[in-house]
């Protein structure tokens with residue numbers, strides 16, 4: 001399988017959303033850019049901010065859609081068209097209610113699982129054949145509390161766990177960029 005050429009962090013723009021659970025995808029690509037010493041640039045034709053990084057000797061584009069979460073597909077598909085990147089060479093990093101804070105999982109293909117950024121991207125692509133990095137944020141316990149939960153800020157303890165999961169995911173990105181997803185998954189999914 002081809003390696004990654006585009007890594008998208010899903011989230012909501014604006015300072016009021018900056019440290020919310022729903023912006024775990026933004027936090028992931030921001031940490032990748034920081035580690036690489038890359039700078040973010042506004043790119044209106046791609047409806048977001050972009051950064052160019054080197055991972056495992058390969059050029060990889062990072063993208064933070066400036067659309068709100070439920071319109072993320074517009075930015076994702078614009079970037080894929082502009083840079084001529086296939087969906088299979090794309091990873092979308094997003095918050096995951098079904099995983100505990102401190103857990104991150106890689107996945108290829110599938111549905112949206114109620115995640116609106118994935119839903120919009122799948123709608124525009126016509127399929128879900130792209131990679132996902134699911135960053136655990138935990139579940140509030142009842143579906144009626146989900147909106148407030150994802151749009152809220154995590155506790156200090158959960159914030160540390162989420163940051164640790166992001167660091168663990170960054171550690172396996174060289175393997176994913178080289179196309180060795182099975183080894184990347186094995187390392188990320190094996191408890192330490």
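Including glycine, each Cβ sits where the backbone N, Cα and C put it.
Site annotation (Swiss-Prot, ligand tRNA) includes 68, 70, 116; from 17, 189, the additional listed residue is 17.
For the recorded positions 12, 68, 70, 95, a Cα to Cα distance of within 10 angstroms from residue 22 (active site, proton acceptor) holds for 12, 95. Across the residues the record lists as binding tRNA (17, 68, 70, 116), the two Cα atoms farthest apart are 16 Å from each other. Annotation for residue 17 (tRNA binding site): spatial neighbours 11, 23, 151, criterion Cβ-Cβ under 8 Å with sequence separation of six or more.
Other residues of the chain with a Cβ within 8 Å of the Cβ centroid of 17, 68, 70, 116, the tRNA site, are 11, 12, 22, 67, 69, 71, 72, 117. In the three-state DSSP assignment, the secondary structure recorded for residue 12 (site 'Discriminates between blocked and unblocked aminoacyl-tRNA') is coil.
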